[in-house]
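Working notes for the structure below.
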Amino acid sequence: MIAAIRHDWSRDEVERLFALPFNDLLFQAQTVHRQYHDPNAVQVSTLLSIKTGGCPEDCAYCPQAARYATGVKAEKLMSVEAVLAKAQAAKDAGASRFCMGAAWRAPKDRDVAKVAEIVGAVKALGLQTCATLGMLSGPQADTLKAAGLDFYNHNIDTSPDYYGEVIHTRDMQDRLDTLEHVRAAGMKTCCGGIVGMGESRAQRAGLLQTLANLPEHPESVPINRLVQVAGTPLAGTEALDPFEFVRSIAVARLLMPASVVRLSAGRESMDDALQALCFAAGANSIFYGEKLLTTGNPDVEHDRRLFERLGLKPMEVAFEPGTVHADIVEPAHA
Ligand code: SAM
Ligand code: DTB
Ligand code: SF4
């Protein structure tokens, strides 16, 4: 039976998935993964911080918050030319999507106008475009869409019942409002969260349940493993059991069968075997290139070799939600 696209997951159901024996969970996730995706294709995105540091928010994980002494220097928005050079290099290295991040709480309209110019230029290189700039108003989302922005990344970060432990300068509803503006403008959403921030398993279930019960599943779901940065309040948090991370990927795959699930931040501290397990659990996207925003990522050669060893290939064309992997007939989209 083909997995249905559901938006009515209960916390209990999600917790029961987390509690399955590891092999049963992976088997279920792999089965669903193959119904909706080519199991050997991985979408490849490259990230660039186009405006680094100096952020007024207090996200407890983030090296770019001005209030934490993390050694990240605040910089101005990059020029169109400088971003384009990085985008071209990402394309030449094999990325299909270019994601631009800015350490803003919310951009001003004049910032959006500048980013719109950058987006148009990156898009003209033939790359898919993604941006993550903080909270957006409806008109700002429309401007970015008109400039050619394909995806907007805005994470809910954690379960509603853990959110207050991590962020105090904006609430969950602000995030949901931005996601609504992005969808209304006709852009695809990239929305996920971070695990390993000291939350309980029930709260990891709460994060994934909240994502799956959004009005539409995000087309892209980044699952980040906390990158612990000295100076942030979450530095020193007890490390998450690696198998619990794999379980989080598998449950995300089961709850959002058609979405692309990204094995996102945290790969630099994962060995190849753990990453292979994440792909087996249903992850089918990575960030590619030596840097995330301010922290490190595996080097390109290492990732190429890993793809080779696992028989993975870069996903050529963006996965269009709603399409089902070719050899499956009669998709049962609920
Ligand atoms: N400032 C904008 C915002 O917060 O919406 C956009 C950039 S922000 C850095 C994008 C996302 O990166 C955050 O929502 C968070 O999920 C992720 N992130 C930031 N720091 C991280 C860390 N140390 N480990 C894992 N993920 C992190
Ligand atoms: C997402 O979910 N993860 C990316 C992207 N969206 C923008 C960011 C990860 C940042 C990791 C910490 C850093 O490099 O500053
Ligand atoms: Fe600022 Fe975004 Fe970092 Fe929060 S996650 S401190 S909003 S850059």
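Positions of Cβ are set from backbone N, Cα and C atoms, glycine also.
Lifted from TrEMBL, the feature list:
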type    : residues                      : note
DOMAIN  : 40-258                        : domain 'Radical SAM core'
BINDING : Cys55, Cys59, Cys62           : [4Fe-4S] cluster binding site
BINDING : Cys99, Cys130, Cys190, Arg262 : [2Fe-2S] cluster binding site
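Neighbour count (other Cβ atoms within 10 Å of the Cβ, all protein chains): 25 for Arg262 ([2Fe-2S] cluster binding site). Listed in sequence order, the binding-site residues among Cys62, Cys99, Cys130 whose CB lies under 6 angstroms from an atom of ligand 1 come out as Cys62.
Most Cβ neighbours within 10 Å, among the binding-site residues Cys55, Cys59, Cys99, Cys130, Cys190: Cys190 holds that distinction in the structure as shown. It is 21 Å from the Cα atom of Cys130 ([2Fe-2S] cluster binding site) to that of Cys59 ([4Fe-4S] cluster binding site). Each residue contributes its Cα atom, and for Cys62 ([4Fe-4S] cluster binding site) and Arg262 ([2Fe-2S] cluster binding site) those atoms are 19 Å apart. Here Cys59 ([4Fe-4S] cluster binding site) is positioned 21 angstrom away from Arg262 ([2Fe-2S] cluster binding site), judged by their C-alpha atoms.
Each of Ser45, Leu47, Arg97, Thr132, Phe151, Asn153, Ser220, Pro222, Ser285 belongs to the same chain as Cys99, Cys130, Cys190, Arg262, is absent from that list, and has a C-beta within 8 angstroms of the C-beta centroid marking the [2Fe-2S] cluster site.
Within 8 Å of the centroid defined by the CB atoms of Cys55, Cys59, Cys62, the record's [4Fe-4S] cluster site, lie the Cβ atoms of Glu57, Asp58, Tyr61, Pro63, Gln64, Ala65, Ala103, excluding the listed residues themselves.
Under the DSSP three-state reduction, Cys99 ([2Fe-2S] cluster binding site) is assigned to strand.
Every protein chain considered, the tally of other Cβ atoms within 10 Å of the Cβ of Cys62 ([4Fe-4S] cluster binding site) stands at 26. Cys59 ([4Fe-4S] cluster binding site) falls within neither a helix nor a strand when secondary structure is assigned with DSSP, and so counts as coil. Proximity to ligand 3 at the level of Cβ atoms, with a cut-off under 6 angstroms, picks out Cys55, Cys59, Cys62 from the binding-site residues Cys55, Cys59, Cys62, Cys99, Cys130, Cys190. Cα of Cys59 ([4Fe-4S] cluster binding site) to Cα of Cys190 ([2Fe-2S] cluster binding site): a distance of 19 Å.
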